[in-house]
Amino acid sequence: MTELDTLDIIVLAAILLGTAAYFTKGKLWGVTKDPYASSFAGANGKAGKTRNIVEKLEESGKNCIIFYGSQTGTAEDYASRLAKEGKSRFGLETMVADLEEFDYDNLDAIPNDKVVMFVLATYGEGEPTDNAVDFYEFVTGEDVSFNEGNDPPLSNLNFVAFGLGNNTYEHYNSMVRNVTKALEKHGAHRIGEAGEGDDGAGTMEEDFLAWKDPMWKALQEKMGLDEREAVYEPIFGIVERETLTKDSPEVYVGEPNKMHLDGTPKGPFNAHNPYIAPIAKSFELFSVKDRNCLHMEVDISGSNLTYQTGDHIAVWPTNPGEEVDRFLNTFGLTDKRHQVISVKALEPTAKVPFPTPTTFDAIVRYHMEICAPVSRQFIATLAAFAPNEESKAEMTKLGGDKDYFHQKVNVHHLNIARILKSVSKGQPWISVPFSALIEGVTKLQPRYYSISSSSLEQPKMISITAVVERQTIPGRDDPFHGVATNYLLALKEKQNGEPNPTPFGLSYEITGPRNRYDGVHVPVHVRHSNFKLPSDPTKPIILIGPGTGVAPFRGFVRERVNQVKNGETVGKTILFFGCRKRTEDFLYDKEWQEAKEVLGDNFELVLAFSRDGPKKVYVQHRLKERSKEINELLEKKAYFYVCGDAANMAREVNTVLAQILSEQRGIPDTKAEEIVKNMRAANQYQEDVWS
């Protein structure tokens, strides 16, 4: 074989390099950056962003920053609405900010001609939301240290505060109360009252609206602001991308971020980045035709997700096709549903809430809460874009009269498209800027469910137990359907042999964007909870869980069964379970029998069937009947757990427990209530409840 000389080698190398360059152009090099693209590249946000609040305000020319601590998206929505109103009514240069994206040791350096607003949800038993933990621990800490050395340290800071809470919890609105107290302790100046919204009473929206007007008046006086006529100014620009189609590889058709678009999703999987989990099995738990309750097993073995017994799983739902069609039709977008658009923030601190380029259909189907309740404030905003004067007058009345709005909208659970169709008698609202819809319709949020499996028994398989929400409402043509549970019902039907499931006439894109959820997958992440078994397994536990409130207790009982099988000693478990009828909705009947076989006298199931006898019997009644035993267990330092309905059941259980202690121990009611309160403070009394 002839040897290659130096020149041959150089020529060959040049040819190879040229060939490689040709085939990798546009992939590894020479990539033309899309000026409108926003990729949501993953869970860790943008590199190089400043965490210095003062720097951020100065470089962006802002004089009002609204921080939010949000778990379900409501606080974030309120923060956005305050920013919008502050700019349009008073000319404030506003920005909305996630609490976890900044440091707080230089709060004392914020100039006193600027204002900081805090919109803070309280999560669970008085805890900060996930994104507010670091801020809360810093500002309420004993040895908090600021940069400037002022005395008092925050004498420069002007702040506004609104809290989102639920009065059925012991620590109602504790976040806003504790943060306000801490800021004022350090010398900060509160402007207006610290507002409190109550989800438990169903008045959150009206509480917010009633608080903000006097707040703006106080801020106007403090900062010398001039009010002007509010005119809609878009935050986002919409650009149609004629050179792209929905099948173009760079176009997002529902993928949450760039890794999912590229088909290479990887962890960490969290609230910004779901894991597309296979559903291992699913089945119906009820034996009655008009109601459904699902048991679903989600396989997380292909991810880095972990959970502990008592945690929550978040399901990322998809909107039903019928509501997507209604929404697009209402705004005259049906023929443009697959039109590719880019959405660009028109001011530097605004964030596009989904990745682009994308399509109208993908935004509405995967990213907008189009089935959610609507705020009066948003209705008032849309009045300016009404298709005729009659509709404009009706929208203005709905936006300005809370009783009229309640009568026409709230009681019927109407979403935005249904309201507008009704107001305009079917005439489309083609003048509404799509930017206004992005701003006014909240982001589609994951739904959280108490995990009903034991991590000791099946660490890589998560169980969900969920009632499918379907509610008949007087005066409404069709039932109200929950978004996530009906989506899960469609997945269950698909897995069990139905090729094109349409539960209750609703259809879903259950194969997901580009068919990447095919094979029956669901996007999920795990949220860790403080709702936990005692670390000492010999401690007795008292579990109160009617209906699907039994979900975490299935996990607790299975955990104890496995501990016994592993040779451990466990304490007494007494479970109070309630449902309508033994023959219809008695959940996990056989499993409790199997648990009894393993745990013996250390497990007892107490049942309350509300519709099987002459009078309704609930778990709180059964609890009262067992007063002597409950008191004896509590004297042995038993842990007490409640899961389920917050407004009625949980509140009544709390009352009954205090009555038991008072009667059994011969102490005044006030003393018994104090003991219950101390149990809560010591985590001996835990709740996982919902409105």
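Don't overthink the numbers, they just go from 1 along the chain as shown.
Just so it is clear, glycine is given a Cβ too, placed from its N, Cα and C backbone atoms.
Residues annotated as FMN binding site in TrEMBL: 70-75, 121-124, 164-173, D199.
TrEMBL lists R291, T548, S610, R611, K616, V617, Y618, V619, Q620, E652 with the feature NADP(+) binding site. R291 (NADP(+) binding site) counts 14 other C-beta atoms within 10 Å of its own C-beta, drawing on all protein chains shown.
When pLDDT is averaged over the domain 'Flavodoxin-like' (64-216), the result is 93. Summarising the annotation, TrEMBL assigns domain 'Flavodoxin-like' to 64-216.
Residues or ranges marked as domain 'FAD-binding FR-type' in TrEMBL: 272-534.
Look at TrEMBL and you will find 6-23 tagged as transmembrane segment.
When the Cα atoms are compared, S70 (FMN binding site) and R291 (NADP(+) binding site) turn out to be 32 Å apart. Within 10 Å of its Cβ, the residue among the binding-site residues N166, S610, Q620 with the fewest other Cβ atoms is S610. The two recorded residues, K616 (NADP(+) binding site) and N166 (FMN binding site), show a Cα separation of 27 Å. Nearest neighbour of G124 (FMN binding site) by Cα distance, taken over the binding-site residues S610, Y618, Q620: Q620. Nearest Cα neighbour of G73 (FMN binding site) among the listed binding-site residues (R291, S610, Y618, Q620): R291. Of all the binding-site residues in the record (A121, N166, Y169, Y172), the one with the smallest CA separation from Y618 (NADP(+) binding site) is Y169.
Counting other C-beta atoms within 10 Å of each candidate's C-beta, the binding-site residues Y169, Y172, Y618 are led by Y169.
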